[in-house]
Structure formats: C-alpha cells, structure tokens
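One structure below.
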Amino acid sequence: MEVMNLIEQPIKVTEWQQTYTYDSGIHSGVNTCVPSVSSKGIMDEDDACGRQYTLKKTTTYTQGVPQNQGDLEYQMSTTARAKRVREAMCPGVSGEDSSLLLATQVEGQTTNLQRLAEPSQLLKSAIVHLINYQDDAELATRALPELTKLLNDEDPVVVTKAAMIVNQLSKKEASRRALMGSPQLVAAVVRTMQNTSDLDTARCTTSILHNLSHHREGLLAIFKSGGIPALVRMLSSPVESVLFYAITTLHNLLLYQEGAKMAVRLADGLQKMVPLLNKNNPKFLAITTDCLQLLAYGNQESKLIILANGGPQGLVQIMRNYSYEKLLWTTSRVLKVLSVCPSNKPAIVEAGGMQALGKHLTSNSPRLVQNCLWTLRNLSDVATKQEGLESVLKILVNQLSVDDVNVLTCATGTLSNLTCNNSKNKTLVTQNSGVEALIHAILRAGDKDDITEPAVCALRHLTSRHPEAEMAQNSVRLNYGIPAIVKLLNQPNQWPLVKATIGLIRNLALCPANHAPLQEAAVIPRLVQLLVKAHQDAQRHVAAGTQQPYTDGVRMEEIVEGCTGALHILARDPMNRMEIFRLNTIPLFVQLLYSSVENIQRVAAGVLCELAQDKEAADAIDAEGASAPLMELLHSRNEGTATYAAAVLFRISEDKNPDYRKRVSVELTNSLFKHDPAAWEAAQSMIPINEPYADDMDATYRPMYSSDVPLDPLDMHMDLDGDYPMDTYSDGLRPPYPTADHMLA
C-alpha cells in the first residue's frame, strides 16, 4: 500500500542522513514551513509561521492497516533500488566512510584533506537531495488516489489520519507539487475542511491549503476547487492556528490569483475579516489589514462594507496602540485607501484618526511616514474643526524644511486645509514660524504647483481673520516673500495657483507697510493685465450665449472678482491709487457694475469708491456714465455694495449743481438711509460698514488618488464634500490629490 510507503519514508531518510554531513532538509524540516508569499515582507524572516503557530508532530502507526506480500516486496525492491543508485553514484556515502571522515575533524579547525573533500561532499549531498526528491514525488503520486479516497471516508478518525498524512506531504516540495497536480485531492481537502467539526482536522486541512498556496499552481487548484468560500468560513474558527492558515492563504490568493478578490467579496469575506481587527497578534493583524487593503482598493462597495462593520474604528485603534512597523504600515495603507471615500472620511476623523496618524509622523520608517502624510492630507478637508491637533500642526510646519516632493505636497496641503476657517489653528501655525516655512517651501518648489498652490492657500488663510493675521502679513514681507509671490501671477501658471495668489496679495495689501514692496514688485500692472484678459474671456462667452466654462477648475469670473478686489485694497494707498487710475481702468470698473455676479458688483463699487477720492478720477467716473448703475446698486441686497455705491455717488455729486445734488441726496435717503442714519455718515466718509469679503470656503479640489487606477495606493473619484460658494478671498478646502494606488507602498 502506498500509504505504508509514506509511513516508512522517515526511516529511510534517517538512514540517508547518517551517511553525509549535509542536511537534506526533509528530515529536519528546515524551510518547509513557509510564510505567506506576501507575508515574507510583512512577517519577520526570522520568525516564520512555525514559530507563531506550532504544528504537532503526528506519528501514524501501522496497526490495523493491512499489508500484503506484494506491498512488502515492492517496498524492499524500491529501497534496494535507491540504495544501489546511491552506491553506484556515491560509493562514499555509506555510514562507515562518513564516520571516518567525521573522525578526522578537529573542533575549530579544518584540515587540508577536508577542504579538498568539500566539493565531493557537496556533489554527494546534491545527488542525495535529488534521490530524496524523486522518491518523495513518486511515492506521493502513487498514494494520491488512496489518500483522496480516505479523505472522503465516512469515518471521522480515518479522515483525520488521512488529513495528517497529506499535511506532512504538503510540507515537502516534491510531494507538494504532486498534491497540486491532483484536482481530486485538493477538492477533497477543501470538502473536508468545509464539513469537519473536528479541530485537528480543520487545522490539518487549512495547513495543507496554506502550504499549497505558496505556488501559483497551488493557488489555481485551490481557487478552482471552491476553496475561497471554505477558507472564509474558517475565519470564524476559535483556533488561532486555523485562523492564521486561513487568512494567510486568502492573502496569497488575493495577491496572485485572478478572480480571487471578487470571490472573497461574494463569500462575504470582508464581513468576516473586519471583526478580526480586534485580535491582538501584530503579525496576524498585519496580514489581515493587507487583505482589507487589497479588497477595498478600487471598489467603493468594499469600502462601505468596511465602514458598516466598524472598520475605521478598528484601524484607528491599531494605529493608536501598536508599535510594530509592518502592522502600522499595512494599516496606514488601508486608511489611505479609505481616506478618499466621502463616507469613510468623517468616520475616520471622528474615531481620532488625525491624532493617531499624527503620532507616527516622526517615525524612523519613511514608508510609514509617507502613508500617514498622504492620509492626513486626504482627511484634512473634513477635519477643520478637530481639536487636539497642535502637535500635528507643529510637525507639519517642521516637515516643510525637507526636500522630498511628496512630503512637501502633503504638508502644505494639510496645513492649507487645517488652517481653513479655524482661527486657533491659524494662530498656532503663525506663532510657530509657519509663514517663514511656507515662504521657503514656495521658493524651493520652483514650478511644482502641487506644492506652491497649497502653500499659497495656507498663507492666504494665515494672513486674514485671526488675532495674529497682521503678524503674518508683516512676516511675509520680512522674509522677502513678496517678490516671489508676485511672480506667481505670471502666466503660464495654472489658474488655481493664480487665483490663490491674487487672494494672498489682497490680504497682504491690508497691511499698509506692504504697499511699497508690492508696488516695487509691479503688482498693479500684473493685476490689471490679468483682469482685462479674464474679463474679455468672460465677455466672449456671454456674447455667444454659452455658459462660463471652468479652466483648471477656475471660472474667469472668479479671476475678475479677485483682481478687482485686490486693486480695491491697494487703492487705499495714494500712490497706488494714482497708478491704477493712470492705467485707464475706470471704464472697465464702470462696466463691471453691470455684472450679474453680486460679488463682482461689490468689488467694482469698492475700487471706484477709493478712486473717487481724487477729483480727477471722480470726474472720469462720472464721465463714464457710472451714475445710472450706481443708482441701481443703492437698492442692492448687499449692504457693502449699496454703501460703496452711495459713497461714489456722494463724491461725484460734490461739483454738481444744487438740483442734482438734492436729487442724489433724496435718492440716498429714500433707498438706503431711511432706517440707518449711521450709514449716511459712513457713505460721506467712504468707510465701508462691513468687511466686504465673506468667510465662505472655496470649492474643494480633486482627490489625492483614486481607487480606479493601478494599485499601490488610491480612489480617483471627484471627492467633493460640499458645494460651497466660490470666493477668491475665502479660506479654501483642498480634498485629496489624484495619485496612482501603486504609490501606496
């Protein structure tokens, strides 16, 4: 019987081992318990699965197993044949010769004879390995039909013993390849694993599939035999070793077997895997989290299943409580994939994900730091109200000093979002030299818009609406940032960067000390040039009756509004006011009063209000026929617009005849100041009652990466988290950047 030959095989191997000094690897089991193909990168090489889950050595006795005379004769002939081959090819492999050679060895020394004998011994060892390999394969192949029959036996004891034998065979390479070549046996193993209630049988069968999964042929055999649903079922086992074998085998299938991901999803594998995040074995968790990443990447439904089963909370808990680098890295990969899902993002943030990820920004592992940075970048647009981010903000400011492009991209983008509409964060970043660090990042970035644009947006946030805003405005000047910032207005820079730069210049102009440096940098001609170009483009679409298109996500009307608003603030300085007037801008400003966009009407009336302080400019405004649209704007629902219009009308009526002035006065009183006497004083002094720029958020940007591009890392869906009104001067949120998921490594 072939099974008897398998039982006697260890005896024969022992005899062979006594005849030479090199271990064949069969008797000792060296390198037979191989970790998962993928887990070789996840688990330490010196701590393979055998040390984590110890398999019991099972000795199968021959009692009760019938053995006829033919079997004995076959066994004797096989043994004699192998012995004759060895004696013919390697006569020195006998036990006596080997012992004589060993007897000549002196501890700690190698004789010349031994050195001369080494090549011969190596050759003998290789030949013995070959003989062992061939015998294992031949013996296993002959035993396969009988083992398959025993696995299908109705007696559970017989099935268990058969599973133990197959498990031992699966640990040897030659016999393992024979097993993979038998679809009937693999199917029997899968069936046994799925139907058994015996823990030892479950352990042996999962171990068999685990060993087969280290070869592509084995993966295919498992897949074709319906092994995936059975392995998913084993994820509910109470036995740790069974869990390990099942998750590792599934991991190898997910990595290398086509169709495995869909099969795992259909078998409800995610629903079984997410609860495993509560286990406390770091290496087991590392494989589990990598399975989640492979399943979630590029599949929105999988991301939602992970969310529904409490995945974000479990993943954040791992990032918070563990220090094993490979586990932290694989977990950060999953969070990175989930961080572009609009549903998962708030859940991760609410679970404390920002703080947990921030803990690892100072790690010695570059790949972990990079994953944490990207994930923080992706989550930051929904974390603007989060507390406890002080240490994260400080680390991000420090990260601005590095030269790595990815680090700078993530750090600037995250700072841009976390300083959006958050006065506390703005103040903290400003007080920790954030302005200086951002300026230096811009200077080093060159033409890399992925760094420059978020850095400019962050500076725009820091220079407005918080207690240290004036300090930030001055800091830009003191760190020689104004010339570099003004240069960003030049084409062919991308429109999002130009738009952000215009808003920053507007904020810098709020500080009187910045007016002279801005003028020296020739900011006014550049703003006027951009204004004219953007207005012409917008008018062409109006004339053609087409909707205003977006250029790189920016409408030309936004550029018109931004440039006019910046010129409005700059016009508070007499020298700037004169330069703006000499550039023949008044006809354009008057034309903008007819715009259908309320914000454009407001900033146009505002800049005319400043220019009208000079008599020559006031006369030019009147000559352009501004009175009619200004009278209409007195009835505007926007108080700022109405106030500016009243101030301009009041100024240009000063030199008119008494009848005209009386008519203007009556109109002002009836339309604007009937219930607000203070507004009349404001109009007379041309001081706006309210800050004209609302604290609206910019529309969000593109996601960092998308699940629909090649793997390592992320999801390329447009990640819009709100339809916010566009305002050039407002704080703007930045969603994740698009990036291929293969960057996840």
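Every residue, even glycine, has its Cβ placed from backbone N, Cα and C.
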Listed residues Ser416, Ser665, Ser707, with the one flagged phosphoserine by Swiss-Prot: Ser665
Phosphoserine per Swiss-Prot (candidates: Ser182, Ser237): Ser182
Chain-internal residues, separated by at least six, CB under 8 A from Ser182 (phosphoserine): Leu144, Thr148
DSSP residue counts for the repeat 'ARM 4' (258-297), split into helix, strand and coil: 32 helix, 0 strand, 8 coil
Confidence summary (mean pLDDT) of the repeat 'ARM 6' (342-381): 97
Helix, strand and coil totals (DSSP H, G, I; E, B; other) for the repeat 'ARM 9' (470-510): 29 helix, 0 strand, 12 coil
